[in-house]
Amino acid sequence: MSYNVIVPTTVLPPWLRIGQNWIFARHRRTEVGVVLPANTKFRVRADFAKWGITRPVIVRLLNNNRNTEREINLTNDQWIEMEHEHECVPFVDWPVGEKNTMAEVHFEIDGPHIPLPVYVFNTRPVENFKSEYRQSSSGYCFLYLDLVCILVPPASKNVLLDTDLFELHQFYNEIINYYDDLCGLVEDPYADTVDSNLPNKAAFVKADGGGPGGAYYGAFWTAPASTNLGEYLRVSPTNWMVIHELGHAYDFVFTVNTRLIEIWNNSFCDRIQYTWMNKTKRQQLARIYENQRPQKEAAIQALIDNNVPFDNWDFFEKLSIFAWLYNPQRGLDTLRNINHSYRLHAARNPVTPYPQIWAWLMSCGYDNFWLYFNRIGLYPADFYINEHNKVVHFNLHMRALALGQSVRYPIKYIITDFDLLQKNYDIKQYLESNFDLVIPEELRQTDLVADVRVVCVIDDPSQIIGEPFSLYDGNERVFESTVATDGNMYLVGVGPGVYTLRAPRGKDKRYKLHLAHSPNEPVHPANDHMYLLVTYPYYNQTLTYTRYITSDLAIDAAHLFGTDRLYVATIYFDALQQTVTVYLNNIRTGRENNTTLYFEMEIHNPFIGTSSKFTLLEDNVTMRQGYYKFPAVTFSSIRLHIRDDNRLMLVDKYLPAGDTLLFMFPNQIVDNNIFPDGSILTSTYNRIKEQAAFIENHKQLLYIENELRDSIYLASQFVNSDSNEFLKYFPDYFRDPHTFSYLFRFRGLGDFMLLELQIVPILNLASVRVGNHHNGPHSYFNTTYLSVEVRDTSGGVVFSYSRLGNEPMTHEHHKFEVFKDYTIHLFIQEPGQRLQLIVNKTLDTALPNSQNIYARLTATQLVVGEQSIIISDDNDFVPPPPRVNCGDQQIRVVETLKMIAF
């Protein structure tokens, strides 16, 4: 008898590659519709000419054991004669990776064979199908349940007949839809964006008596290692086997050399149990707790107290860390964002290396998790490789500061006597663990407040006394004051939680700031990033100021990558401090359990003849992430050994495999083959530019005193103390003398504000506020009464606004960027007191008494006067004659993060 099977191809979105197994990409196949008894003879061929398909077509003879199955690769139109010694169900795989085509396979079967009972969800009554299956001599049947297809083996026939197929359909579809949502995948029949899901996908489920372990997720199906389906037919929120194996379809690259195998997918499983279960069931039945939450929390607390490396924790201890990470309101945004970021990386050609996992999570979080990670011994990397294949700084703390992220921390470390059952302070929000992460805003309901003193230790108190400081929970300022005359900060009426302290950083002296507990009260997690933990009961804190003289941007660094180019470590060569510091972010550089030497650094002191070594194997199970610091006196030799090419980058050049010898000189490390004399100036200058670009992308940092601006200032002085190229990014103390704020104020009858144009040239910022005047600026005039026009260096209109005297004005607020040699034309029908210029809050009485006012920006100032003033010495652009009626144009209006100055 003849059978023809026509199957579509599986279209891959741009982030998936042929041969990858994620999200069931190779699970789709179509049944021939028969069960072949053992030793049945048949012929099979594919029709390549008809459809123009170019990839091999695969026919599979499936049953309930991989050892008795067979795969047939069809590569041409020729018939293939087959005889298989085991009972089997033939299927045709959907070819993967081709668009707009089909595959057609012809079967000619000799001898008896059995029709395969097939059920397609919701296309016919379930009982009709079950009756057919019950009466059939076939032990097999095949189910199409939308997002899952199930080949039921003979050993599961009776169970299947007693199973509610609607519940089974809902169970599988709810899991896969939820996992897709956690990844931010979008249904898209064209599959042409980085967020596109796989069209027409479905997981394939079968039994496999020859499979590994208890069950597995594979390239072509997921299966229990049994001749029956077992748990795969049990509908229950506690069915960990099924939700676990389906979760493996979403591992992507997050388990590659991260020691998160069986953890990443479990975090998906835990999330769906979190969704399915009520509060009581969550504590009693969820796999993460199993009615033993206090004991499990105590075990994790012991791991933290004993500084056990996180990489050595067991599966479910690691899983808990992810559960608490995702529990907060916006916690799952972190998961969606990191999956979107993965797809962006994967869609590039060639694919750029993926960031270190903990830094990656930090960069994708809605909140700040650094202190939480640090508490459990996780160290996010400082650097990553961007889309231009360039190593750049994450600036995680600066990013968090710019975005106003709240700092989440376990509640048990904030309210130290908190217990979910015994003393929960009647907190109304849902918490499931004493380790749940909270922010100060969520603890306000406890009514716990106290006065906390921050003791400032500084060599010159005059640098900070009387200077303002403030305390923030995200973007909310919860307290502000000035440093007292005794040099301390007094926080009055502050509630528990982790805040970001915006402390003064000095005046003409710059400092590194280190925040820690008071010596006799060791409860505060010390850090250099101004994360201030206010606990209950309350303790005083110590803020130590250390002179900051040589910029961190003037310190050369090496970047170590693993065999798969995942980030492993940063090596800082600090010539001033005469140290070499290895910041280890990944204890695995290659294959698991492999003890082959991968990297070695040896520092030799030429004066006393001693040496220090730092060694990394492919897998380093006894090591922990963090900092390893070694002395390196001036003229020390430093031998760097790397096993492979293109895996160790020094400054911006990859070192060859083998040994490289460096020397620690007074200002830099030196190797004649790499660094010409004075190269530290060039590399420092390049790092300044990179960090300035970062601030440009996070403009809020221009208004907040921070260490990055200190670093740019000190590095600029090191490179060229006479240059003001980076003045815009200097600390306020050095920038303020060059900061001019110009406010043009249009005034109407009764001195009402009609329109204000404010410009701060050094910050490249402009703001326009329009008042609300229903009768217009001056109802006696039916011609243009006022206008504002800003043009760029090529004459293009950046902003334009005008009103007739009797034309209504409604409230508007615009913010946009302006740069050197931009020009401004203002028109006022009644010159004089109707248009004022206020410079740095002082009225400028020299403004020309003219209807038309012109201005041109320099790097730091605004030159105001007649029309000729807009012609720059180094710019021959002459604008067209002024148009009094400018119209309402708003072209290239740039919205910055926030402009506190306005």
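Easy rule for this one: first residue shown is 1, then count along the chain.
Including glycine, each Cβ sits where the backbone N, Cα and C put it.
Listed in Swiss-Prot for this protein:
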DOMAIN    27-330  domain 'Peptidase M60'
CARBOHYD  ASN73  N-linked glycosylation site
CARBOHYD  ASN265  N-linked glycosylation site
CARBOHYD  ASN278  N-linked glycosylation site
CARBOHYD  ASN339  N-linked glycosylation site
CARBOHYD  ASN540  N-linked glycosylation site
CARBOHYD  ASN593  N-linked glycosylation site
CARBOHYD  ASN594  N-linked glycosylation site
CARBOHYD  ASN620  N-linked glycosylation site
CARBOHYD  ASN782  N-linked glycosylation site
CARBOHYD  ASN840  N-linked glycosylation site
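A simple Cβ count within 10 Å picks out one of the glycosylation sites ASN265, ASN278, ASN593, ASN620 as the most packed, and that one is ASN265. Cα to Cα, ASN840 (N-linked glycosylation site) and ASN540 (N-linked glycosylation site) are separated by 39 Å. Under a cutoff of 8 A between CB atoms, and with a sequence separation of 6+ in the same chain, the neighbours of ASN594 (N-linked glycosylation site) are LEU617, GLU618, ASP619.
Of the glycosylation sites ASN73, ASN339, ASN540, ASN782, ASN840, ASN339 has the largest number of other Cβ atoms within 10 Å of its own Cβ. Spacing of ASN73 (N-linked glycosylation site) relative to ASN593 (N-linked glycosylation site) is 36 Å (Cα to Cα, whole number). When the Cα of ASN593 (N-linked glycosylation site) is compared against those of the glycosylation sites ASN265, ASN278, ASN540, ASN620, ASN782, the shortest separation belongs to ASN620. Spacing of ASN278 (N-linked glycosylation site) relative to ASN265 (N-linked glycosylation site) is 22 Å (Cα to Cα, whole number). For the domain 'Peptidase M60' (27-330), the mean pLDDT of the prediction comes to 96. For the recorded site, ASN278 (N-linked glycosylation site), the DSSP three-state label reads coil. Cα to Cα, ASN620 (N-linked glycosylation site) and ASN265 (N-linked glycosylation site) are separated by 24 Å.
Put simply, ASN339 (N-linked glycosylation site) is 41 Å from ASN540 (N-linked glycosylation site) when counted between their Cα atoms. According to its DSSP assignment, ASN73 (N-linked glycosylation site) is in a strand.
Look at ASN265 (N-linked glycosylation site): DSSP puts it in a helix. Spacing of ASN339 (N-linked glycosylation site) relative to ASN265 (N-linked glycosylation site) is 13 Å (Cα to Cα, whole number).
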